[in-house]
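K.L.:
Below are the features listed in TrEMBL for this protein:
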DOMAIN    8-60  domain 'Myosin N-terminal SH3-like'
BINDING   Gly163, Glu164, Ser165, Gly166, Ala167, Gly168, Lys169, Thr170  ATP binding site
REGION    599-631  region 'Disordered'
REGION    1106-1145  region 'Disordered'
DOMAIN    1531-1807  domain 'Dilute'
Amino acid sequence: MAAFELYTKFARVWIPDPEEVWRSAELLRDYRPGDKALLLHLEEGKDLEYRLDPKTKELPHLRNPDILVGENDLTALSYLHEPAVLHNLRVRFIDSKLIYTYCGIVLVAINPYEQLPIYGEDIINAYSGQNMGDMDPHIFAVAEEAYKQMARDERNQSIIVSGESGAGKTVSAKYAMRYFATVSGSASEANVEEKVLASNPIMESIGNAKTTRNDNSSRFGKYIEIGFDKRYQIIGANMRTYLLEKSRVVFQAEEERNYHIFYQLCASAKLPEFKMLRLGAADRFHYAKQGGSPVIEGVDDAKEMVHTRQACSLLGISESYQMGIFRILAGILHLGNVGFTSRDSDSCTIPPKHEPLSIFCDLMGVDYEEMCHWLCHRKLATATETYIKPISKLQATNARDALAKHIYAKLFNWIVDHVNQALHSAVKQHSFIGVLDIYGFETFEINSFEQFCINYANEKLQQQFNMHVFKLEQEEYMKEQIPWTLIDFYDNQPCINLIESKLGILDLLDEECKMPKGTDDTWAQKLYNTHLNKCALFEKPRLSNKAFIIQHFADKVEYQCEGFLEKNKDTVFEEQIQVLKSSKFKMLPELFQDDEKAISPTSAMSSGRTPLSRTPSKPTKGRPGQMAKEHKKTVGHQFRNSLHLLMETLNATTPHYVRCIKPNDFKLPFTFDEKRAVQQLRACGVLETIRISAAGFPSRWTYQEFFSRYRVLMKQKDVLGDRKQTCKNVLEKLILDKDKYQFGKTKIFFRAGQVAYLEKLRADKLRAACIRIQKTIRGWLLRKKYLRMQRAAVTVQRFVRGYQARCYAKFLRRTKAATAIQKNWRMYVVRRRYRRRRAATLVLQAYLRGHLARSRYHKMLREHKAIIIQKWVRGWLARTRYQQCLHAIIYLQCCFRRMMAKRELKKLKIEARSVERYKKLHIGMENKIMQLQRKVDEQNKDYKCLMEKLTSLEGAYNSETEKLRSDLERLQLSEEEAKVATGRVLSLQEELAKLRKDLEQTRSEKKAIEERADRYKQETEQLVSNLKEENTLLKQEKDSLNHLIMEQAKEMTETMEKKLVEETKQLELDLNDERLRYQNLLNEFSRLEERYDDLKEEMTLMVNVPKPGHKRTDSTHSSNESEYTFSSEIAETEDVPLRTEEPSEKKVPLDMSLFLKLQKRVTELEQEKQVMQDELDRKEELVLRSKAKEEERPQIRGAELEYESLKRQELESENKKLKNELNELRKALSEKSAPEVTAPGAPAYRVLMEQLTSVSEELDVRKEEVLILRSQLVSQKEAVQPKNTMTDSTILLEDVQKMKDKGEIAQAYIGLKETNRPSALDCRELNEDGELWLVYEGLKQANRLLESQLQSQKRSHENEAEALRGEIQSLKEESNRQQQLLAQNLQLPPEARIEASLQHEITRLTNENLDLMEQLEKQDKTVRKLKKQLKVFAKKIGELEVGQMENISPGQIIDEPIRPVNIPRKEKDFQGMLEYKKEDEQKLVKNLILELKPRGVAVNLIPGLPAYILFMCVRHADYLNDDQKVRSLLTSTINSIKKVLKKRGDDFETVSFWLSNTCRFLHCLKQYSGEEGFMKHNTSRQNEHCLTNFDLAEYRQVLSDLAIQIYQQLVRVLENILQPMIVSGMLEHETIQGVSGVKPTGLRKRTSSIADEGTYTLDSILRQLSSFHSVMCQHGMDPELIKQVAKQMFYIVGAVTLNNLLLRKDMCSWSKGMQIRYNVSQLEEWLRDKNLMNSGAKETLEPLIQAAQLLQVKKKTDDDAEAICCMCNALTTAQIVKVLNLYTPVNEFEERVSVSFIRTIQMRLRDRKDSPQLLMDAKHIFPVTFPFNPSSLALETIQIPASLGLGFIARV
């Protein structure tokens, strides 16, 4: 393509600029070949004439289209050059706040100097499992790519993080390691990933320092290998370090600090454990104050010290070793304060008793004098003698600093070794991922040995990087079968040879170090002689003879030779080292133990760990030269070796590159300095990557993507069925130069700039289409406007004419109205005059008639009052006479009744004496006496009721009396008032006469008064008018106030309602949070339980090695006991040793069952006690209230008090006895262990025996109570009216109904018959109706019955005790025998011991086999006997059939054919229960749960059939009152369901099936529990099927927890199924074809949005949702539960979609918002089809809907910002800002969101209180509830299909 086609008018270009590096400009005229200058228009508004280079005539770089600016991958840019890269990075960093950008295989990371919320665990989860190109660039994406390639390719990986100081290398490496630790986890329980992360604080404290460029600069390089096992879980790590900057220990530049650990120690000096270090402020120490900046803003060194110590503890460095490290570091600080005094020019001394040196020696444990001596002297050895020579002050200072550096370096290596030891794993490493955090290319004003080594390392890494990039390009071309030519790229091998080859710089440096008189100057001269003018990369500065220049790949660097030799030698006096080795401080010699064979800090051991304490090997006498040679290895030599080892490691791995860029030198957040950025981009190789890509075919499209993007450039006839051929035909027409593109197998490759050209063609085509559309639309709009104006004119005319007509009609109406008003006004005046006269007449008549009426009324009133007084007086006299007669009659009756009572008393005394004789003869009338007591109680109750009625009647009478009295008083007052009124009438008559006399006088004054009245009237009218006005104003004010009050009341009401609604919502949220917390705990418990089961299985496999022979287990032992069978209250008592790890044969079954029963019994007894106590208190209150009435009835009240005290004593004794029994049972339970529980001396056995005797003791107590009651019988008899025998029989009938045993009823009936028989004694001698005799006989029979029951219980208990004793004795004998055998075996040798144990085992098995054979013989005999009986019966049946056949004639047999007749079975009335045998329980569980196929059951049988069958089995066990059977069945059911879900937990159908059945089982337990709340919807037949014996509320809770676990597993299953579909179907797939075109992509290809064969679409998601719904409906899942599942599914879809949208810049566009809204509408349509709109699922999509709307709304003005803030209430502020930052136009007609608009949004949302979290929690599970859903299915109608294999159970 010719240049003049691209450089046309309005084309934008980049021109160089000294300030901004590159500046954008626009062409004002087309470029023509031969032009010497371009006329440009700058963005600032200036015009510029840009001169072209006359030699090269290179045109300025073209600028990319706006839609390509801000791309995730720099290689996606059409024009690949430096200004395009720089501009793209700046736009992403400044405008979009994005710090990561891809550049081919390189991740460019710009340090934001600000904490960003993009490194949370939610972000890690979002990137986990994603393809690298599918998400926005991130360090996590690189880490995920390395992790996936390690697992996929079985190849080790490396992540190379480079950049200059302050660029963020350490942080990036730290986040990469955090990602591996989070995603992979550890294979052991040692939390290796935490240790890997814990190594960072330690290494940062001892290896990082503050520099002018970075507050936390790493002053060493490190390579961390993170090891993984075969399951790709972290098992350990190993660290290698490179080139620690030791000079920083003794010197820091201005505004810099020493290593952090020194300042952390000084900040923690006041801690008690650090007092021995004698530290203080950092400015007191020479080694810490040279930089003048001891404090870093925002960093608390004391807190950092705490983190460092915690990390050391986590890595296994003990407290003693930590204090040793701190002692050495403190010693280094004190050593720096040691000062020297010059004696002369060649010698120096240390002041006596120098405090810093004294402290140093004390901390190091060395001799003061010896250290003082060797700090000022050195030893010189010659061939024959050894000299001790003093040194000068400068030499001594240098030696001191060298010693400090050496100690710190040794300590650094020691810490690294121990960190590696802590990170080492015994498990074999399968693969590893290495993270290299190494210094970037450095160039300063003064560059020394450190910068030389750093740049040397970067040369090696850059060479490896270039080769890798070139290799990838070559592989891509070969894969697509594209012919490729050799790409010329920069090869820095000559520079590497200059440094490391023979006679290279390092070689000459080592050679000079070996020279006795070698100096930096002589070394420089050797360099000049060797390389100057011979190597193009080596230069000599013009003005210096002590420096040299090397042309590195990034830039030229001038190195100063001064200090090279000294730093390369790294010498320290041997005598000082020997003093330290002789230290009493154990840790210090350990640092120097193998000094002559010291491993370099840069070398790596194969195992990755070094021993904690090295033991020196014996010196070899024959090889001193070799040791000396190894000892003299220089720093450069060591660094070169370690670098070669590093390169070998990197070449053996797949590298991933992270280039960190420092945006400015002032650490300002989100500030971009173009100059500094370009320097680093050139130095880190990013531009070299761009250059290599641009040299070939940088733009690559798949055929489908190209077709989708550039479909608008094709005509209909160009579109063929073959997409590849279509693209070829179109490209040949669009781009004539075939060298600009190549066709590969799956992709089209374009040269640089071709995509921009195609985009220009596409934009022109779309622009032309837009113009045509605008033209048509504007014409249509103008036509509509003209027609609208025409209609408006006609309408205006019509309205004007109508208005004129209405005005004329109004005139006519007014004329007619005026006439009507005159007529009515005149009529009104006449009528008013007439009414005024009539009113005056009526007033006079009224006064006269009223006077007459009042006179008549007073006369009648006086007569009426007199009559009333007479009536009351006469009545009082009559009542008085009646009362006198009544009192006389009552007195006579009392006298007569007293006489009769005395006679009756005598009879009763005689009867009492006869009763006393029978009392001595016979004991046992308790029951009858209790009945009499009951009668007394009932009569007392009747008496109390009568007393209450009497009291109420008395109250009513008193109130009526008070009312009558008040009426009487009121009448008396009325009478007095009447008298006063009569007097007043007389006085008024007199006044009337006076008034008549004054009337004449008044008439004379009338005229004057009338005149005054007129004036007064006028004034009054004026006043009234004024008052009316004021009244009107007041009314208005009142109305306004009322309106205001109403508004305020309304506002208050609304506020209260809102508060109520908010509080209700808050309570609902709290309830959901609590439910969610409980379900999360349940989920965690389930996970731990599974983990425990897995570990137990592993332990079983590891420990229980199978032995030969059959091992017999106890058949009564059950392994299906579930921990869920016990409540939380019981769990608190599990501290007793019930779960000891003893053999299963020693465990006592049903211990916890007994404890459950006792616990329940305790609760019932405590409730009964409370009720009795309340009743007693109430009785005592009644006693206190009724003290006044006791005098009237002293005898009856005394009997009641005695009865109450007797009852209280009875209750107290019963309560005390039950408490004692309970305490003893608890004690027995706590003391029991294994079989000794049932021993005769055991506590449980004692309790059982004491319970046997308690019955007899209770009988004695009852006898004593009977005697007490008999003594009160006489006193109570007066209050008891004689009853007929029918009442007694009724009471006895009630007692009979209470008897449960048939034997008890029969014996009671016999006793009752005997009492009804006529006896020789006369019953009337006792009392009139023979009541006492009847009671006596009944109690006698009851006593016999109790005695017989007691004897039978005693015998049974004695038999059980005897059997237990026999069993215990046999067990004791067996135990003794086992102990004897064990003792004998222990005395034998090992071989004989094994043989004896085998012999014993054989004997035992033989005995067991003999026992089994005997049982088998007995069963065989029984079978033979039964077979014989069966044959006899069969023979008899045959004879009977023959006899019947003989009665039938042969003709009948022949003529009538025998037809099969179906004999109908009579329908049995089933009770809805299923009976099974105890031994068939496992078979039932196996067939119904473990081996059941859900699909067959769901399709062919009723939903929830297994749940119904299990419940019917439970009902039968409840009917039998077999608690053991109920418990065993429920426990086996729960455990079996867990096993099924553990085995097939990934199958949605299985999990849904068992969730449905578990819920149905839970509903059945509720529906048939007998609780009223659950029986409302039951039929009468269903109520009959309720459980009768057991309360299974605890098991309901267990099943509810199990259902919650199954629901959570169901959610996880459907999440795993939906997860791969969501992003592809909701975001990437174009549901509406042609709405969005695919933008150009770079090397990191994203997932195609075109629906290929294996791509998920929205229809795939809808089909999957429908599949889930149909499966749940087939399984009969509750509708409410289906709604909750649907809500959870839609939440997952919405959360995953929104999270990916927030992390993918390419998805944030207007067209994608339309696609999302369409997809959401399809989901809503699915909800409507399934009737799930009220499930709350739609609300979970609200954040996604608002995000899609946010992509589509206008985003320019303040009104738009306000609308966005109101609309996006479901999105957080961070999410809104993120979407706006990521918004990317797909076409040129769209506009980017301005930075000012985003800031406006942030200002408006700053007061919103929402979560700062960016992503939604896609793993969140809503708390589930299980609303009660009763079943209308009748249990008795359920049939058991034969396909289930449950023939062994029978319907009952």
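These residue numbers are counts, starting from 1, taken along the chain as shown.
Cβ coordinates are placed from backbone N, Cα and C, and glycine is handled just like the others.
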K.L.:
Within the domain 'Myosin N-terminal SH3-like' (8-60), how many residues are helix, strand or coil going by DSSP?
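P.N.:
With helix first, then strand, then coil, the domain 'Myosin N-terminal SH3-like' (8-60) has 0 helix, 24 strand, 29 coil.
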K.L.:
Can you tell which of the binding-site residues (Ser165, Thr170) has the fewest other C-beta atoms within 10 angstroms of its C-beta?
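P.N.:
Across Ser165, Thr170, these binding-site residues, the one with fewest Cβ atoms within 10 Å is Ser165.
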K.L.:
What is the number of other Cβ atoms found within 10 Å of the Cβ of Gly166 (ATP binding site)?
P.N.:
22
K.L.:
I'd like to know which of these binding-site residues, Gly163, Gly168, is least surrounded, judged by other CB atoms within 10 A.
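P.N.:
Selected from the binding-site residues Gly163, Gly168 on minimum Cβ neighbours within 10 Å: Gly168.
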K.L.:
Quick one: which residues besides Gly163, Glu164, Ser165, Gly166, Ala167, Gly168, Lys169, Thr170 have a Cβ within 8 Å of the ATP site's Cβ centroid, in sequence order?
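P.N.:
The answer, listed by sequence position, is Asn111, Asn214, Ser217, Ser218, Gly440, Cys660, Lys662.
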K.L.:
Over the domain 'Myosin N-terminal SH3-like' (8-60), work out the mean pLDDT and round it to an integer.
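P.N.:
So the average pLDDT across the domain 'Myosin N-terminal SH3-like' (8-60) works out to 87.
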K.L.:
Can you check which residues sit near Glu164 (ATP binding site), meaning Cβ under 8 Å from its Cβ, same chain, 6 or more apart in sequence, and list them in order?
P.N.:
Arg213, Tyr439, Gly440, Phe441, Glu442, Cys660, Lys662, Gln680, Ala683
K.L.:
Count the Cβ atoms, other than its own, that fall within 10 Å of the Cβ of Ala167 (ATP binding site), considering every protein chain shown.
P.N.:
26
K.L.:
Sort out the sequence-distant neighbours of Lys169 (ATP binding site) for me: same chain, 6+ apart, CB within less than 8 Å of its CB, listed by position.
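P.N.:
Within the chain, Lys169 (ATP binding site) has Cβ neighbours under 8 Å at Val161, Ser162, Gly163, Ser218, Asp437, Ile438, Tyr439, Gly440, Cys660.
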